[in-house]
Amino acid sequence: MSYIGKEDEVQQRPYWRCSKVDFLPEESFQNWNTYLSALSQIYSRFNDRLLSRSDDANEITQLRKQSENDMKRCLTWWDLTWFGFGSVIGAGIFVLTGQEAHHHAGPAIVLSYVASGISAMLSVFCYTEFAVEIPVAGGSFAYLRIELGDFVAFITAGNILLESIVGGAAVARAWTSYFATLLNRQPDSLRIPKGNYLLDPIAVAVLAIAATIAMISTKKTSQLNWIATALNTLVILFVLIAGFAHANTSNLTPFLPHGAKGIFQAAAIVYFAYGGFDNIATMAEETKNPSRDIPFGLLGSMSIITVVYCLMALSLSMMQKYTEIDPNAAYSMAFQSVGMKWAKYLVALGALKGMTTVLLVGVLGQARYTTHIARAHMIPPWFALVHPKTGTPINATLLMTISSGLIAFFSSLDVLASLLSVSTLFIFMMMAVALLVRRYYVREVTPEINQLKLVIFLLIIIASSMGTSAYWGLRPNGWVGYVVTIPLWFLGTMGISIFLPQQRTPKFWGVPLVPWLPSLSVAINIFLMGSLGPPAFIRFGICTVAMLVYYILVGVHATYDMAHQQQKLDALKVKNEDEDKEGKA
């Protein structure tokens, strides 16, 4: 049971409830008249939300009250480190490596992992500073809401939810493929053909099991994760040792069958393999000592994972010619091709364990993102509720699992991966921009002239990065355009470094070489986004339009009402305090 205070009265409310006030409690949705009145004020309300900013204290303390119960602080650096491994090593390395080596990069897939790994590590730096300073469940949504405002945070929130739902579906379908391989069957043999679709009930069942475990206990999920991940680590060591033992250097020729374009095209897709680390930031609210544990957990695990990915990609390329790699179960089929037929079962089992932990950690992170987004009323606050006994957000977990299950039942991995990469790269690019804003701008402190300079320099960095990406897509073998775009990026970054003093110093841990590393993160993420094909951007555009329609019809009014209700309560509190002082006088 949960308790809500109302004046001097304490009202007992059950966790399992479902009424209109739990989904649409805001004034704008009380009846049709109030809703039509709210719609007539869209312009002013949109401007209000566009210019508004949250702050650290509001995200850490005030919004958490929307959950009615606290999540349990039960995680240490040990848990976070293993969560880092468990959240990342799964479908990405075991499935996308073969898919992209076969279709785009060839043996140069190892360079694709280097490129995406560098970009991921830059994003990890940004996430770590924010997570240490603002230890809440909202992750990048909360950070962007503070630095870039409600509207930007909403667009990012939509992409976070899209990334989470699609990511869970992609991993679940990959789980089915490897399970079929373990049974010595074709990867699609366990799916049900229906028209143009291959229906996947097993993926839905796996998602349901992972969600059930995550809803019971965060700490128990952590313990199960590190045991499974430790076993998976042994399989990875076997893959590396046995793979290099059966290496044939002739398989590395030609090393660049599709040129540099193939490397970066694959890098944009395999970025998905690094994407799970942002789930660790969402667990900051459940971490005992965020300032110490989060840097250990994030930076330590991701550094090792980057090296492991590159070695695994190289071993696959040396075992089998890239044209013969099976895109669906690459490592299993590669071992079969070198005469180690039995090894494919071990690899398939390891891949299954890896993907299971990815699903487990993914479910945890996704639910916590959703919880904080609901706390801000960008989606119904019913999804923000934390169960009093388990200390977990059960409603949010159910929302994400059911959505992922519906997509996993119908969609193929290649469609999911490209869409996922666009959303992931967009979010990480915005995180780097937010970090620059956090370091160089503080409300009511930074002079207006410096604020204008920061905006101009940021626009130069983003525009030049987009120009570099566009020129690469139009003329991959050209060089003239880079003479313009790359120096512009350099000048924009140098402008921030020379002409703007830093307004904020991190208390515990900060990104080094600011503004250069965050600016480089912006450039690389935009460049990788430009390496994806038009279909991915079409899907991304359609989803973004759907988000904007929802924001205009629901989101802007819910967040506007909540913000102004809080302002009224603060004003009333000040008035009461003044009256009390006058009475005592």
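For all residues, glycine too, the Cβ spot is worked out from N, Cα and C.
According to TrEMBL, the transmembrane segment annotation covers 74-96, 108-130, 151-175, 195-217, 259-277, 298-322, 342-365, 419-442, 454-473, 479-501, 508-530, 536-560 (among others). As annotated by TrEMBL, domain 'Cationic amino acid transporter C-terminal' applies to 509-558.
When the stretches 151-175, 195-217, 259-277, 298-322, 508-530 are ranked by Cβ pairs under 8 Å to the transmembrane segment (108-130), first place goes to 259-277. Per DSSP, the secondary structure of the domain 'Cationic amino acid transporter C-terminal' (509-558) breaks down as 40 helix, 0 strand, 10 coil. Of the Cβ pairs linking the transmembrane segment (342-365) with the transmembrane segment (536-560) and spaced 6 or more residues apart, fewer than 3 are under 8 Å, so the two regions do not touch. Recorded stretches compared: 74-96, 151-175, 195-217, 298-322, 419-442; the one with the most Cβ pairs under 8 Å to the transmembrane segment (536-560) is 151-175. Proximity of the transmembrane segment (298-322) to the transmembrane segment (195-217) is not established, fewer than 3 Cβ-Cβ distances being under 8 Å for residue pairs spaced 6 or more apart.
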